[in-house]
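J.: Dumping the structure here so I can ask a few things about it.
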Amino acid sequence: MTKAASKPWILGLTGGIGSGKSAAAQHFIDLGIHAVDADHAARWVVEPGRPALLKIAEHFGPGVLQADGQLDRGALRKLIFADAGQRRWLEALLHPLIAEEIASHLARAQSPYAILVSPLLIESGQYATTQRVLVIDAPQALQVQRTLLRDQTNEEQVQAILKAQASREERLKLADDVLVNDRDLAWLHSEVERLHTFYLTLRGGQS
Ligand SMILES: CC(C)(COP(=O)(O)OP(=O)(O)OC[C@H]1O[C@@H](n2cnc3c(N)ncnc32)[C@H](O)[C@@H]1O)[C@@H](O)C(=O)NCCC(=O)NCCS
Ligand SMILES: Nc1ncnc2c1ncn2[C@@H]1O[C@H](COP(=O)(O)OP(=O)(O)OP(=O)(O)O)[C@@H](O)[C@H]1O
């Protein structure tokens, strides 16, 4: 008789914009852990040829497409963070598709546990599919500073995105573990290693 595939044990990793989710996730990946990023899934579902891209262009107009037919992410970002109704329309279209992509990628995980990295883990209800929640927490001023250094954007835009996300308090209420990312990358890595050892212990060596 073949053994039924067991469901992976999933750690939800979340935090606000620029908190350091991707940097933390990359270190878990370097330690051999399978991670799926909701921001990446959000890109796959709007690739040219996917039905969602056509619906977005019909709804927002051709201004959200680049000359090569790809989504103009900067243009759509400006529109949805200036208008909560438009943001909700986009989320209603994309979140179910993103959830399908995430589920199919997590199902392939072979590591002792897998990670779902998502800025909207709490807001979208995705946390219900995870066994434990790790919040990457950073002071808001540092989140803004890091995002401005990383992205071609401005402070007004970053503040609008922050407003569209759960508050620090809402996130911390659902956290099982908190990684305070207010020091350098070496500190972030050492904290990830400490948590990784803990998660392996929790898993009791199961794969
Ligand atoms: C508006 C879009 C095109 C802007 O793309 P861009 O390349 O500039 O940003 P990217 O996708 O890398 O997101 C950067 C960060 O913005 C924040 N963010 C993105 N979408 C949202 C949202 N709907 N609500 C709150 N914050 C958001 C997150 O912190 C995210 O990590 C894109 O973010 C998008 O399609 N958003 C809607 C889908 C969604 O909700 N994605 C979040 C993951 S489920
Ligand atoms: N401890 C740290 N020291 C210095 N730089 C950091 C630290 N943590 C993260 N960064 C940098 O800050 C920026 C934001 O981090 P990262 O991209 O990991 O955030 P994020 O939470 O994934 O953001 P988003 O929600 O926008 O996707 C990146 O350029 C990253 O390299």
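For all residues, glycine too, the Cβ spot is worked out from N, Cα and C.
Copying in the features that TrEMBL gives for the protein in this structure:
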- GLY18, SER19, GLY20, LYS21, SER22, ALA23: ATP binding site (BINDING)
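Walk me through the surroundings of each of these features.
T.: Its Cβ placed at the centre, SER19 (ATP binding site) has 28 other Cβ atoms within 10 Å.
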J.: Restricting to the chain of LYS21 (ATP binding site) and a gap of 6 or more, list residues whose Cβ falls under 8 Å of its Cβ, or answer none.
T.: LEU13, THR14, GLY15, VAL117, PRO119, ILE136
J.: Quick one: of GLY18, GLY20, which of the binding-site residues has the smallest count of other CB atoms within 10 A?
T.: GLY20
J.: Of all the binding-site residues here, SER22, ALA23, which one's CB has the most other CB atoms within 10 A?
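T.: Within the set of binding-site residues, the most crowded position is SER22.
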